[in-house]
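Structure record follows, encoded as structure tokens.
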Amino acid sequence: MSTVTLSSGYEMPVIGLGLWRLEKDELKEVILNAIKIGYRHFDCAAHYKSEADVGEALAEAFKTGLVKREELFITTKIWNSDHGHVVEACKNSLEKLQIDYLDLYLVHYPMPTKHNAIGKTASLLGEDKVLDIDVTISLQQTWEGMEKTVSLGLVRSIGLSNYELFLTRDCLAYSKIKPAVSQFETHPYFQRDSLVKFCMKHGVLPTAHTPLGGAAANKDMFGSVSPLDDPVLNDVAKKYGKSVAQICLRWGIQRKTAVIPKSSKIQRLKENLEVLEFQLSDEDMQLIYSIDRKYRTSLPSKTWGLDVYA
């Protein structure tokens with residue numbers, strides 16, 4: 001598995017398996033199969049409500065000798081409602097995952113909300129049916145909590161998720177331990193070149209969630225526009241004898257982002273790893289750069305009642 005060295009000094013595999021919205025009854029089998037075919041990076045979150053199930057799969061993998069803990073890279077994320085309780089939330093995730101440390105801990109959204117209980121990950125709405133944001137906690141305070149998880153030995157690397165450029169800049173300014181990773185939506189239809197280049201310039205690894213666009217997974221949630229249907233990408237895929245999804249992932253890796261695709265199907269899991277076995281030409285990379293639509297598919301405003309990217 002190809003890796004990249006983070007600013008923290010640790011190695012992170014450039015392809016991870018995203019575990020969002022995987023069904024609980026299939027999660028264990030998916031993780032074990034993924035490990036068997038070569039996956040070493042798993043992307044979790046408290047909000048996915050599956051950390052305990054992931055923990056059971058990891059425990060079995062370790063017990064049976066399928067893989068050693070030090071061979072895996074485990075990421076999880078703190079939810080909005082726990083910004084004021086970072087260390088406690090981290091320990092809660094570790095307990096569920098049945099591991100002693102996290103390889104990477106991310107702030108899921110730059111948006112503290114009303115706390116209810118550690119690890120419960122509620123998104124409480126106010127009387128106006130709008131997400132109840134906690135204005136008493138600053139993102140700097142949240143980051144200080146993240147830094148404490150490192151000093152306590154709970155976490156090796158810390159980072160951001162769904163942060164825009166200027167919030168990333170602010171974190172770089174006030175942090176004592178710099179964010180090693182910034183995970184955000186990016187794919188051929190939403191390339192975010194300025195954010196990608198800014199992160200790379202300042203030693204933050206850009207990591208693509210939703211690297212295929214979201215329509216293939218859930219059209220009701222993400223809309224029907226998908227780069228997988230794009231004629232340019234389909235032509236490139238035919239040229240290389242690959243799937244459009246493989247072209248999207250390979251493009252992401254060649255622009256020096258890590259990618260976190262999601263799948264539960266063993267054949268697609270294998271195909272996703274195969275993107276490490278070929279390269280796109282410079283001409284085809286530029287061709288894909290030309291199809292950017294600035295089309296964001298991940299829109300929490302649909303359930304939270306406000307545009308969190310405003």
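Cβ atoms are placed via backbone N, Cα and C, with glycine included.
Pulled from Swiss-Prot:
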ACT_SITE  TYR48  active site, proton donor
BINDING   HIS108  substrate binding site
BINDING   210-272  NADP(+) binding site
SITE      LYS77  site 'Lowers pKa of active site Tyr'
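With the fewest other C-beta atoms within 10 Å around its C-beta, ILE266 stands out among the binding-site residues ALA258, ILE266.
If you take the Cα of LYS77 (site 'Lowers pKa of active site Tyr') and the Cα of ILE266 (NADP(+) binding site), they are about 25 angstrom apart, rounded to a whole number.
A distance of 33 Å separates the Cα atom of LYS242 (NADP(+) binding site) from that of HIS108 (substrate binding site).
Neighbour density at the Cβ, taken as the number of other Cβ atoms within 10 Å, is lowest among the binding-site residues SER226, ASN234 for ASN234. With the residue listed as 'substrate binding site' as the anchor, the candidate recorded positions are TYR48, ASN234, ARG250, ALA258, ILE266, and the one with the nearest CA is TYR48. A straight line from the CA of the residue listed as 'active site, proton donor' to the CA of SER226 (NADP(+) binding site) spans 24 Å. Secondary structure at ILE266 (NADP(+) binding site), as computed by DSSP, is helix.
Taking the Cβ of ARG250 (NADP(+) binding site) as centre and 10 Å as the limit, one finds 24 other Cβ atoms among all the protein chains shown. Most buried of the recorded positions LYS77, HIS108, LYS242, judged by other Cβ atoms within 10 Å, is LYS77. Annotation note: ALA258 (NADP(+) binding site) sits in a strand segment as assigned by DSSP. In terms of local Cβ density within 10 Å, THR210 ranks first among the recorded positions TYR48, THR210. In three-state terms derived from DSSP, ARG250 (NADP(+) binding site) belongs to a helical segment.
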